[in-house]
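Peer 1: Just passing along the structure, written as structure tokens.
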Amino acid sequence: MALVLHTYKGNKNADKALIAAEYVGVKIDVPSDFQMGVTNKTPEFLKMNPLGKVPVLETPEGPIFESNAIARYVSRLNGENSLNGSSLIEYAHVEQWSDFSTLEIYGNILKWFGPRMGFMAYSAPGEEAAISALKRALEALNTHLASNTYLVGHSVTLADIITVCNLNLGFATVMTKSFTSAFPHVERYFWTIINQPNFKKVVGDVKQTEAVPPVASKKAAQPAKPKEEPKKKAAPAPEAPKVVEEEEEAPKPKAKNPLDLLPPSPMVLDEWKRLYSNTKSNFREVAIKGFWDMYDPEGYSLWFCDYKYNDENMVSFVTLNKVGGFLQRMDLARKYAFGKMLICGSEAPFKVKGLWLFRGPEIPKFIMDEVYDMELYEWTKVDISDEAQKERVSQMIEDAEPFEGEALLDAKCFK
């Protein structure tokens with residue numbers, strides 16, 4: 001008998017078992033005809049879970065309910081693996097963080113989100129208490145992640161799977177960017193883990209909510225009025241059609257980006273990007289020379305960036321994914337920026353260093369506001385009157401190796 005997970009589509013609690021299954025190579029069937037409120041009330045379903053709640057995993061040995069219990073079962077199906085830690089103490093820490101994130105994070109997210117959606121009674125003091133408790137939990141998690149890439153050890157464990165799925169409910173519903181920005185290590189951790197291939201196979205592309213949903217309004221039921229005998233009336237004269245006098249509001253012009261209002265620059269960014277892309281040989285003599293010939297220090301600025309938490313970069317693919325995610329989130333700046341990101345070192349911890357060209361004399365404010373990764377780097381404006389800094393810019397553009405005495409694990413370009 002195959003494993004069958006009974007749940008509705010989009011159930012973030014069910015994602016825990018499905019992601020664990022991807023890591024251990026186990027196939028789980030999810031019936032497409034499940035209907036919440038119908039399937040879970042049938043006698044067959046109630047035999048598996050008398051409360052009629054989901055998810056429920058049907059196994060050859062019998063059913064399992066409660067999402068964490070299901071995920072624990074799935075994580076052990078293929079014998080020894082790293083999802084449960086490599087020692088007794090690591091196993092205990094996996095359990096610790098799984099319980100912590102479920103009770104302290106998921107529980108308080110639900111107390112915030114549920115009443116606003118009408119799933120439970122709304123109380124302003126109750127919501128305030130839930131948000132306060134959630135902040136305390138996230139602060140504790142943020143402190144732990146300041147010096148750890150993963151919750152336990154040096155690779156994904158069941159603790160990460162359960163915690164990120166619990167956080168996903170918050171990021172998708174009530175935890176806006178302005179709320180989560182107070183916990184930068186949690187943000188970095190969440191976006192790094194949720195974008196791992198085994199997560200993406202299950203959850204797809206995840207987006208953070210832009211606003212907290214309003215409190216669901218409940219209209220008081222109106223008492224039924226006694227029926228009155230209809231009075232006979234003379235047939236009314238046909239009404240003349242009403243003339244609609246409302247005018248359609250003219251569409252408001254889209255606000256211009258402040259960078260578009262800067263004085264024209266002799267440097268055309270697209271021309272530099274084409275030169276960079278099309279130069280296949282003699283790069284220093286053609287592309288680098290061309291860059292400095294084009295560069296306009298009045299209309300553009302150059303910036304070095306150094307990742308603040310390089311000591312966390314212990315796993316090469318995680319470090320590469322981290323940088324790749326940063327570049328994806330920089331897409332909103334493509335019209336106004338060019339960047340190079342170098343991942344340096346032949347062994348862990350890997351160092352992440354970058355060079356960015358931005359339109360204008362400072363880093364554009366909309367980038368600082370919208371791209372949370374920016375605060376994870378130290379930014380230093382390049383002084384092109386300093387020949388050493390100018391040479392460093394040239395080396396970063398051409399992916400010089402070794403760079404500052406270290407081999408390049410990878411070099412990524414934003415253009």
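Positions of Cβ are set from backbone N, Cα and C atoms, glycine also.
Just so you know, TrEMBL annotations never went through curation; they're auto-generated.
So TrEMBL lists the following for this protein:
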- 1-82: domain 'GST N-terminal' (DOMAIN)
- 87-215: domain 'GST C-terminal' (DOMAIN)
- 213-261: region 'Disordered' (REGION)
- 213-224: compositional bias 'Low complexity' (COMPBIAS)
- 255-415: domain 'EF-1-gamma C-terminal' (DOMAIN)
Peer 1: When the domain 'GST C-terminal' (87-215) is classified with DSSP, how many of its residues are helical, how many are strand and how many are coil?
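Peer 2: Reading the DSSP string over the domain 'GST C-terminal' (87-215) gives 89 helix, 0 strand, 40 coil.
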Peer 1: If you average pLDDT over the domain 'EF-1-gamma C-terminal' (255-415), what do you get?
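Peer 2: Here the mean pLDDT over the domain 'EF-1-gamma C-terminal' (255-415) amounts to 93.
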Peer 1: In the domain 'GST N-terminal' (1-82), how many residues does DSSP call helix, how many strand, and how many coil?
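Peer 2: So the counts come to 32 helix, 14 strand, 36 coil.
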